[in-house]
Ligand SMILES: C[S@@+](CC[C@H](N)C(=O)[O-])C[C@H]1O[C@@H](n2cnc3c(N)ncnc32)[C@H](O)[C@@H]1O
């Protein structure tokens with residue numbers, strides 16, 4: 001196992017005690033009673049088992065971060081009643097359970113929750129009652145940047161909720177100066193989802209996520225890796241592998257706000273100490289043609305801002321470009337015209353890259369693929385469909401402590417390479 005330096009709360013190596021878990025109020029951290037090192041060992045053996053048919057030539061030691069304070073994003077259900085709102089989850093009967101002291105959240109998130117709770121209590125808006133289908137406040141999503149800045153998003157049921165929160169904007173700014181991005185999301189439907197499609201900004205437009213040598217920008221409704229320290233290590237590892245491969249051209253499919261693409265493009269700037277020892281940190285010297293593709297327009301806009309700040313011209317045809325679109329369609333269309341990069345990074349959602357993209361890559365002749373997956377089961381299926389590649393290296397990243405989930409990254413080499 002490789003431990004991250006500068007993980008302030010991991011020093012005691014003790015188990016994380018959680019009174020919500022012990023009292024049976026929240027069971028999200030299923031494995032919290034298992035020592036963290038054992039959790040990681042168990043995940044790694046499971047992952048090795050799942051990928052056994054693809055026998056990676058080398059398994060690198062798992063990358064492990066802190067066992068507490070590591071989550072940069074909280075999606076809190078609003079429950080209770082006006083004057084005594086709860087912020088946490090809903091129980092099986094859809095009643096609110098307050099989890100404001102949850103130990104896996106970033107300290108900045110824990111610190112702001114009571115302030116947001118009081119703000120909502122004073123707002124006159126009722127928490128949404130799932131059983132009665134009545135009320136206004138559904139969720140509060142909070143994201144913490146390493147700098148301490150926060151993005152706070154209120155998910156409400158109707159225009160009324162939006163109007164009330166808008167009139168109370170100044171009060172919020174005063175109460176929570178760290179909240180540099182504030183928005184209201186409208187979710188009118190009685191559906192078990194976390195947000196709707198309409199987002200109204202009340203303050204700022206994107207949260208600067210200063211991750212190591214790259215500043216990324218996060219807007220509402222964009223994906224971001226939830227464990228900042230482990231994400232930095234993942235980006236550095238992928239960049240180190242890509243530097244070894246030394247491709248002139250690279251695709252980053254499912255690029256989100258551009259983390260892999262920007263790290264691999266030879267980004268300039270200072271390396272910070274928030275990275276894992278032994279995982280390459282790049283020296284900013286390389287220059288290669290990088291194309292990031294992502295479905296979310298918002299994420300692509302953010303990636304373009306970061307690229308511009310890093311001095312890359314993000315216009316098509318230059319060193320780093322970001323395109324909004326479907327990854328599979330992009331790959332199929334380009335490969336059909338003979339456009340073939342030297343290396344492809346894929347980092348799909350849990351469903352994996354699927355039949356079409358894995359088949360297109362199998363038939364492509366591309367020499368290297370770097371696949372970062374949050375679901376070894378779909379990774380294994382995708383690998384089954386790409387028999388022309390061998391797994392040269394594999395590494396587990398403990399992105400989601402206390403749960404069964406993990407991130408695993410592999411380097412694939414074409415057999416006739
Ligand atoms: C696991 S996230 C990876 C994001 C990014 N690599 C990062 O490190 O932040 C998967 C991303 O795939 C995007 N996505 C989902 N379906 C897609 C598709 N069909 N084509 C392109 N991107 C897609 C999601 O919006 C999400 O940003």
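The backbone N, Cα and C atoms fix where each Cβ goes, glycine too.
TrEMBL annotations: computationally assigned, not manually curated.
What TrEMBL annotates here:
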- 225, 254, 294, 347: S-adenosyl-L-methionine binding site (BINDING)
- 374: active site (ACT_SITE)
- 374: active site, nucleophile (ACT_SITE)
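Locations of recorded TrEMBL features on the structure.
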{"residue": "225", "record": "S-adenosyl-L-methionine binding site", "DSSP class": "coil"}
{"residue": "254", "record": "S-adenosyl-L-methionine binding site", "DSSP class": "coil"}
{"residue": "294", "record": "S-adenosyl-L-methionine binding site", "DSSP class": "strand"}
{"residue": "347", "record": "S-adenosyl-L-methionine binding site", "DSSP class": "coil"}
{"residue": "374", "record": "active site", "DSSP class": "coil"}
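Taking the mean position of the Cβ atoms of 225, 254, 294, 347 as the S-adenosyl-L-methionine site, the remaining residues of that chain whose Cβ falls within 8 Å of it are 223, 252, 255, 256, 259, 260, 348, 372. Each of the recorded positions 225, 347, 374 was scored by the number of other CB atoms within 10 A of its CB, and the lowest score belongs to 374. In the structure as shown, the Cβ atom of residue 254 (S-adenosyl-L-methionine binding site) sits within 10 Å of 21 other Cβ atoms.
Take the CB of residue 294 (S-adenosyl-L-methionine binding site) and look out to 10 A: across all protein chains shown you find 28 other CB atoms. Within the set 225, 254, 294, 347 that the record links to S-adenosyl-L-methionine, no two Cα atoms are more than 15 Å apart, and one pair reaches that distance. Annotated pair residue 254 (S-adenosyl-L-methionine binding site) and the residue listed as 'active site', C-alpha to C-alpha distance, rounded: 13 Å. Nearest to residue 374 (active site) in space, judged by Cα atoms and limited to the binding-site residues 225, 294, 347, is 347.
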